[in-house]
Structure formats: structure tokens, C-alpha cells
Amino acid sequence: MEKSRPLWDNPLQFVFACISYAVGLGNVWRFPYLCQMYGGGGFLIPYLIMLIAEGMPLLYLELAVGQRMRQGSIGAWKIISPYLCGVGVASVVVSFFLSMYYNVINAWAFWYLFHSFQDPLPWATCPLNSNRTGYEEECEKTSSTQYFWYRQTLNIAPSLEASGSVQWEQALCLTLAWLVVYLCILRGTASTGKVVYVTASLPYCVLIIYLIRGLTLHGAVNGLVYMFTPKLEQLSNPKTWISAATQIFFSLGLGFGSLIAFASYNEPSNNCQRHAVIVSLINSTTSIFASIVTFSIYGFKATFNYESCINKVILLLLNAFDLEEGSLTADNLNEMKDHLMATYPQEYAQLMPQIKNCSLEAELDTAVQGTGLAFIVYSEAIKNMEVPQLYSVLYFFMLLMLGIGSMLGNTAAILTPLTDSRVIASRFPKEVISGVVCFMNCIIGLIFTMEAGNYWFDIFNDYAATLSLLLIVLVETIAVCYIYGIRRFEKDLYTMIGCKPNWYWKIMWAFVSPLLIISLFIFYLTDYILTGTLQYQAWDATQGQLVTKDYPGYALAVIGLLVASSTMCIPLGALVTFIRKRLKRERVSTVA
């Protein structure tokens, strides 16, 4: 069912939509984490290589397919070959899984945003215990920001088995998040075109404000030096290259069907090659830009913690050895410690367990992945800023814009194939279809608001898309180059944009990108096999820290089901098509 009119008022609006979808939370927390984990500036080398070898070519391919076929993910691949109908279905299933859990991040952002108007911020200090004689024991063992995240936000269970009940505050925030998404797509995917200007632009405004503030923070330079000092030995680590490739893969949203859905509403003459390059470069530039912001704040946090540690040690030694005020400073601390150890060996030995080894490098090495970086680390830095409420509101509002922008793309990947279907679109208006999809996702998403919900969130985040997307995009690339035919595809591109793809695009599509995806696929399978029993990080309230636990049997079954439910759509779709064609031929031969 061909689009009756373009969704986008102009090509710029389409670019904003792609940026809004592609530039998301992964640019703010996942890229900085990987950059830190794999050697700072050294990670940028494989990242930029993967951008050229994987990101831009595959983005161009998906945009061109959507624009040429004028269909969502299911219809587009079915036109290329009836046996590929399962590819589009797999993309919709993965997008459905993603929508189920991804909007929970927006719910958390709403929760923090609402609490950002309090003075003082609720995560600034530990709460008093029930007797009001001291602080909560769990909070004293960890930190006020971690306590607020694990106990007051998630009220997290000690393990996956202890599922607990639904947290009504989080359930209300999740309902609000889905209501906002529904209002953005109220008139079907058409209303998305008006919203993307806001969701794509506002995060950059906030990041610029944070950049200006971050660079003026004490210790910001320490974070930037840490980021841009390459650990070149990481270039020989295969996981560095794999992580760089997957970051490109996921940050651009390849394989979800959202980009095909967006491009299907383009004018046939839209220059999708130019837009693929623009979106890819903006996405990667945003990742680096967000990392500069993050590492400036991270340097401030690390420096603050380091200097606090130094001051506590100085105070401890001054009181223990009755030293003169000012005689002990950060500059002469190590020399004085050696002097006191030699002069008062017994007293110093008794005091030794209380003396911490303060290290700026160790503070900078402390990495928090995923939502931990987005919420715990940033809230730790925010609470130590002047006018923390202002920066807290700005930051969590930015997270909302990033999250909503990505959700618009995810829901478009689900809604476009539904509205393309004559059977569904003729019976139900777009508002009803959109409402049903949002309502179903919201109800299922309540699982993630339970006390063990964060563990289920990690399962979906780690396993619902990784292997599935690799297989989907591999089949897409092979389908275009070897089933549809790269020469035929060249002619289609010439008809649309007036020029054929040069040798770079053709080599990447036909050889480099497929081989790279196969390598990634083999690596993931090998890594999972060698890992043995899959494990997760559970919060231990008695220790105030995360501990490693094995997934129970039913969780492993869910993981297997998540992977199989999407990947099996591809062979099953081909099998169903084959059976239908076979039965049709038999009926024709019988009638004849």
C-alpha cells in the first residue's frame, strides 16, 4: 500500500527525525562508558573505522530500501522477495521488545525530574533512620545517590527470584511516559514529523549548557585528559573493535525497521545518500561531544571524591597524633605518613585500617555502566553544583527528550507495518491502532516496575536485540546485494537521486559489511558459549554494593525465547511462503 503523501513537510524534517531517533541515551551514557573502558582516545580509532565500514553504508542501504519500496519493514522486504517477509516481522518483534522496556528509562527520568524541584535534592544526603538517631544503615554503606537509585527509585529486590510487587510510583511514571508518547503520535505516525524538531534540538541546547558549566568545574581538566589519553594497547584487544562496531550498530538504530519506516514516507526523489552521511556524522559527533560533557563532569566528581578522601585522612591523622593545624597538607601527606609510621609505629598500625589509599586515577577508573551512569553518576555530580535544582531539571529533561525521540522511532517501526496493512487500516483509525500499541506496551512494561523489575530490564536490554539485530541486518545486506541484485539496486538509486553509488558503497554492501557482521555474530556466539552460566548483578542491601549471581533456569528460558522469537521469524516466514506457493501450485494443477 503506497504512501498517499509524504510524512515529512521537507527533507530537513526527515533529517531531524532520523537524528531524534538515532541520537539517544546511548550517546550520553554508553559511548562515554566504552570510551573509558577501552582506553579513552584509543577507542576513537576503531570507532571511526567502524563508522566508515559499517555505519554509513548500512544506514544508506536501509534509507534507500524504505524510500524505494514506499513500505514499512514488512512490506519493503516482501517486495524484494516474498520469502523475506519474515525479516520485516523480525524487525517489528525486536522493536516491540525494545519499546516494552525502553520507555521505563523515560519513567525513571520523570521520577528524577519531579524530585529535582526539592530543596535539598532528595539524593543529596542519606535519610534518617526510623529512630532519627542516625542515617539509614544501607545508605551509610554505599552513597546517598546509590541509595536513592536502588532503594527509593527501584526499591530493588535482593535477587531475580524475589519478584516483589509493582511499585505504584514507578507504574504511574511509566503510564505518564506512555501517555506522552501516545500524544506525540496521536494522529498516527504523521504527527511525528512535527514533534521531531523539539526532540532533536532541545538535547543539544542542554548539552551546550552542561558543556559550558562542566568545563568551569574544578577538576574538569582531569576528566578530559583521562578521556583523550589513549591506551594504545587496547587496539590489540578484539573486544575494543567489537564494542566500537556494536556501538555504531545500535546508536544508528540499524535493523529495527524504524529507519525504513521513516524513509518510506519520503519523496521518491529525496537524496537518501546525502542524508545517510549527514545523520551518521551528526550521530558520531554527538557521541564525542556528549563524552566531552560527561568526562568534564566525571573529572569533577572524581576530583571531588579524591580531595574529600584526602581531607578525611588529614583530619584523621591530625586528631590521632595531635598535630598542629596546617602542618599536614595534600602536598606533604605521603611524606608525613612515612614520618608518622616511623615515629609512632604501634599507633600508626592501629590506625592503618581507617586510612584510605586516596587515588585520583582510581576514582577516574571507577566506571558505572548503562542507567547507572545516566542516573547515579550525574546525580552525584549535580548535588555538588551550585543551584543543583536547575542543573538537575535541565539534565533529566534532556534525558526525556532523548528517550522520547527514540521512542517515536521505535513506535513508528511498529505502527507503519500495521497502517500499511489494508486489513487493519480499513477497520481501525490510526488513533485506535496507536492507542492499542501504546496500551499493550504499557501493561506489559509494568513487569519492569516490580521490585525485581530492574533485573528483567537488564535481561531485555542485553538479550532482546543483540543477536537478533546482527542476523536481521546480515539478511538485509545479502538480500539487497545478492537476491534483489546490486545492479538493479544501482538503477533504483539512479532513478531516485540521479546518480549511481560509487565503488565505496558497493564494496561495503557486497563484501565488507556482511563479513564484519558475520565476525560479530561468531564472536557473540563464542563469547556466550565460553562464558558458561549467564550471570547478573544483584543489589545486596547488607553490603551496600552489587554482587554477581547466576540466572535461574526460568530466566535462561526467557532469554532463549527472546532471541528465538525474533530470529525464527526469518526462516519461518520463508517456510510459510514456500508452503503457500506449493499449495497454490497444487490447486492450480488440480483444477487444470
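Cβ from N, Cα, C; glycine included.
Residues or ranges marked as Na(+) binding site by TrEMBL: Ala22, Val23, Asn27, Ser251, Asn283, Leu402, Ser406.
Taken from TrEMBL, the feature transmembrane segment applies to 12-31 (among others).
What TrEMBL records for 43-61 (among others) is transmembrane segment. A Cβ distance under 8 Å defines the sequence-distant neighbours of the transmembrane segment (43-61), meaning residues of its chain 6+ beyond its ends; these are 34-35, 37, 230, 234-235, 240-241, 243-245, 247-249, 252, 254, 259, 272-273, 276-277, 279-280, 283-284, 288, 473, 476-477, 480, 501, 505, 508-509, 512-513, 516-517.
As annotated by TrEMBL, transmembrane segment applies to 82-102 (among others).
According to TrEMBL, the transmembrane segment annotation covers 168-186 (among others). Within its own chain, the transmembrane segment (168-186) is flanked in space by residues 103-104, 106-108, 110-111, 153-154, 192, 195, 403-404, 407-408, 411-412, 415, 431, 434-435, 438-439, 441-442, 445-446, 448-449, 453, which lie at least six positions past its ends and keep a Cβ under 8 Å from the stretch.
The transmembrane segment annotation in TrEMBL covers 195-221 (among others).
Marked as transmembrane segment by TrEMBL: 241-265 (among others). Note on the transmembrane segment (241-265): residues 3, 6-8, 14, 17-18, 21-24, 26-27, 30-31, 34, 37-38, 43, 46-47, 49-51, 54-55, 58-59, 62-67, 69-73, 76, 88, 91-92, 94-95, 98, 189, 272, 279-280, 283-284, 287, 406, 409-410, 412-413, 415-417, 465-466, 468-470, 472-473, 476, 516, 520, 523 of its chain, located 6 or more positions outside it, place their CB under 8 angstroms from a CB of the stretch.
Residues annotated as transmembrane segment in TrEMBL: 277-298 (among others).
Sequence annotations record features per position, and here TrEMBL assigns transmembrane segment to 393-415 (among others).
TrEMBL lists 436-457 (among others) with the feature transmembrane segment.
For 463-486 (among others), the entry in TrEMBL reads transmembrane segment.
Look at TrEMBL and you will find 507-526 (among others) tagged as transmembrane segment. Panel annotation: around the transmembrane segment (507-526), residues 50, 53-54, 56-58, 61, 238, 242, 245-246, 249, 466-467, 470-471, 473-474, 477-478, 480-481, 486 of the same chain, lying at least six beyond its termini, place a Cβ under 8 Å from a Cβ of the stretch.
Per TrEMBL, the feature transmembrane segment maps to 554-579 (among others). Within the chain carrying the transmembrane segment (554-579), a Cβ under 8 angstroms from the stretch's Cβ atoms is held by residues 82-87, 89-90, 93-94, 97, 160, 459-460, 463-465, 467-468, 471-472, 475, 534, all 6 or more beyond its ends.
Listed as Cβ neighbours of the transmembrane segment (82-102) (distance under 8 Å, sequence separation of 6 or more from its ends, same chain) are residues 72-76, 255-258, 260, 403, 406-407, 410-411, 413-414, 417, 441, 444-445, 448, 456-457, 460-461, 464-465, 468-469, 471-472, 475-476, 479, 483, 562, 565-567, 569-574, 576-578, 581.
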